[in-house]
Amino acid sequence: MEGQQHGEQLKRGLKNRHIQLIALGGAIGTGLFLGSASVIQSAGPGIILGYAIAGFIAFLIMRQLGEMVVEEPVAGSFSHFAYKYWGSFAGFASGWNYWVLYVLVAMAELTAVGKYIQFWYPEIPTWVSAAVFFVVINAINLTNVKVFGEMEFWFAIIKVIAVVAMIIFGAWLLFSGNGGPQASVSNLWDQGGFLPHGFTGLVMMMAIIMFSFGGLELVGITAAEADNPEQSIPKATNQVIYRILIFYIGSLAVLLSLMPWTRVTADTSPFVLIFHELGDTFVANALNIVVLTAALSVYNSCVYCNSRMLFGLAQQGNAPKALASVDKRGVPVNTILVSALVTALCVLINYLAPESAFGLLMALVVSALVINWAMISLAHMKFRRAKQEQGVVTRFPALLYPLGNWICLLFMAAVLVIMLMTPGMAISVYLIPVWLIVLGIGYLFKEKTAKAVKAH
C-alpha cells in the first residue's frame, strides 16, 4: 500500500504519532480554551464531573468506531459502516451530515482566526486574515497527507505544551504559596459547594461540555491513511482518552483551585485569567499564539476530514464520481477543492451576514454532532449483529456492548432535550427534521439519477 498510486487509492502516510495527535488536537480546541468559561459560571467546580461524564460517553463512542475501523479500515469511515450494515440512506445521510458539520466548523474556526489576528493588528478586517489562512492551509493539504500529518502534529504539540505548562505553573502557584491567599484546593467546595447550582446547573451545561469532545472521531477518518491501522487505531483510541481526561480535568481542577470559580467571566478565557499571574503583555501574546494555533489546528483537521469524507461518499456512489480520484501523490485534490469552495462561500456569508446568522450556524453544528454520534452508535450495533451472524470475532471489541450503545443514545437524547430548554440552541433542534428532509430529497434525487443512467 506504500507505493505511489494513481486513481482511487489514498496513500497510507500517517504514523501512530500523527494519528494520536490528530485526535488530541481535534479535541483540544476552542471548547477548552474559551468554551469552558460559561460552563464554569453555570456549574461551578462541578464542571470537572461534567467533563468526566462526557469523556466517558466520548470514549464509548470512540471504542465503537474503533472496533469497526480496525476490522475494515476504509475512507469515509463510519458513513461506510452505516452504508454497508444499515442501508444506503443511512450511509448517504451520515456521510453528508458529517461533511456539512465540518464545513460549518471550518467556517467558525476561520472566523475565530480573524478575531485572534485582530488582537495584534486591529486594523486588519477578519475576512482578510480568514482568506489568507484559508489559502495557506488548503495549499498545504494539497501537497500530501504526510505534510498534513506533520503540520497537525506540531499544531497539537503547541496546544498540549500550553495546557501542560498551565497545569505545572498553576500547581506551582497553588503549592508554593505564590498564588496569593485566595489560592487553595478548598475553592473546589468552599464557594457554595462542589455543585453550587445543584445538579441542574451541571445538567444544563452537558450540551456545551459534550461539544468540547467533538473531533475525537477523527481517528476513524484517519484509518484509510494509517500505516498500520490494526495497531495504531486501538492504541490511539485507548491513549487519547486518558490524555484528554488529564488535560481537561487536570487543567480545570488546577484552575478552579487557584481562585474562586465566582471570579470567572463568560467573555474571557479562564486560561487568560490564570496566565495573567505571569505578567500582562508576555502572557497575552503567548496565549493569543496558543488560541490562534488551536483555531488553525481545528481548521486544518476540518480540511482533511471534509475531503476524506467526500472522497468516501464518491466511492460509495453518494457523491459525483469525479470526486473519487486522487493524484499521483495519493491526494484527493478534487474533494479538497470542492470542500474549500463551499467553506469560502461560508466565509463570505459570515462577512456579509449579521452575527445572528453565525450563531444559528453554530447551533446547527451542535445538532449535527448529536446526529453524527448517534449514527456511529446505531451503525455499530448493526455491525456487531452482522459480525455475530457471520461468526466473526472482532479484534478490538467495543466496551459494554450493547449496553454502552444504549447509554450513548440515551445521552444524545438527553442532550437534545437540554438544548430544547436552552435559549439560542432550541432552534437547531427544530431544524433537525428539516435537515433530514433535505437529506431525504437529496437521496431520492441521487437514486433517480442513478436509475436514469442505468436505463441509458
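Just so you know, the numbers here start at 1 and follow the chain as drawn.
Placement of Cβ uses the backbone N, Cα and C atoms for every residue, glycine included.
The topological domain 'Cytoplasmic' annotation in Swiss-Prot covers 1-18 (among others) and rests on sequence analysis.
Annotated transmembrane segment per Swiss-Prot: 19-39 (among others), in sequence order.
Annotated transmembrane segment per Swiss-Prot: 42-62 (among others), in sequence order, evidence recorded as sequence analysis.
The topological domain 'Cytoplasmic' (63-85) scores a mean pLDDT of 85 in the predicted structure. Under the heading topological domain 'Cytoplasmic', Swiss-Prot lists 63-85 (among others).
Positions annotated as transmembrane segment by Swiss-Prot, on the basis of sequence analysis: 86-106 (among others).
Here Swiss-Prot flags 107-116 (among others) as topological domain 'Periplasmic'.
The transmembrane segment annotation in Swiss-Prot covers 117-137 (among others) and is backed by sequence analysis. Among residues of the same chain six or more beyond the transmembrane segment (117-137), those with a C-beta under 8 A of the stretch's C-beta atoms are 110-111, 284-285, 288, 292, 296, 299-300, 303, 340, 343-344, 347-348, 350-351.
The topological domain 'Cytoplasmic' feature in Swiss-Prot is assigned to 138-154 (among others); the stated evidence is sequence analysis.
Taken from Swiss-Prot, the feature transmembrane segment applies to 155-175 (among others), supported by sequence analysis.
The feature topological domain 'Periplasmic' is assigned by Swiss-Prot to 176-200 (among others). Helix, strand and coil counts under DSSP for the topological domain 'Periplasmic' (176-200) come to 8 helix, 0 strand, 17 coil.
Per Swiss-Prot, transmembrane segment is recorded for 201-221 (among others). Under 8 Å from some Cβ of the transmembrane segment (201-221) lie the Cβ atoms of residues 19, 22-23, 25-27, 29, 31-32, 35-36, 38-39, 42-44, 46-47, 49-51, 53-55, 57-58, 61-62, 65-66, 68-69, 77-78, 105, 195, 233, 236-237, 240, 244, 248, 298, 301, 304-305, 308-309, 365-366, 369, 372-373, 376, 411, 414-415, 418-419, 421-422, 425, all in the same chain and six or more residues away from its ends.
Residues or ranges marked as topological domain 'Cytoplasmic' in Swiss-Prot: 222-239 (among others). Using DSSP to sort the residues of the topological domain 'Cytoplasmic' (222-239) gives these counts of helix, strand and coil: 15 helix, 1 strand, 2 coil.
Per Swiss-Prot, the feature transmembrane segment maps to 240-260 (among others); the stated evidence is sequence analysis.
The topological domain 'Periplasmic' annotation in Swiss-Prot covers 261-270 (among others).
The transmembrane segment annotation in Swiss-Prot covers 271-291 (among others) and is backed by sequence analysis.
Sequence annotations record features per position, and here Swiss-Prot assigns topological domain 'Cytoplasmic' to 292-332 (among others).
It is 425-445 that, among the stretches 240-260, 333-353, 399-419, 425-445, forms the most Cβ pairs under 8 Å with the transmembrane segment (86-106). Within the same chain, the transmembrane segment (240-260) packs against the transmembrane segment (155-175): three or more Cβ pairs sit under 8 Å, each pair at least 6 residues apart. With a threshold of 8 Å between CB atoms, the same-chain residues lying at least 6 positions outside the topological domain 'Cytoplasmic' (379-398) that come near it are 60, 63-68, 70-71, 78, 81-82, 85-86, 90, 94, 230, 233-234, 237, 404-405. Residues of the topological domain 'Cytoplasmic' (63-85) grouped by DSSP class, helix first, strand second and coil last, total 18 helix, 0 strand, 5 coil. A Cβ distance under 8 Å defines the sequence-distant neighbours of the transmembrane segment (42-62), meaning residues of its chain 6+ beyond its ends; these are 36, 187-189, 191-197, 199, 201-202, 204-206, 209-210, 212-213, 216-217, 219, 237, 240-241, 244-245, 248-249, 252-253, 256, 261, 373, 376-377, 398-400, 404-405, 407-408, 411. Across the topological domain 'Cytoplasmic' (379-398), the DSSP tally of helix, strand and coil residues reads 12 helix, 0 strand, 8 coil. Long-range contacts of the topological domain 'Cytoplasmic' (446-456) within its own chain (CB-CB distance under 8 A, at least 6 residues past either end) are made by residues 92, 317-318.
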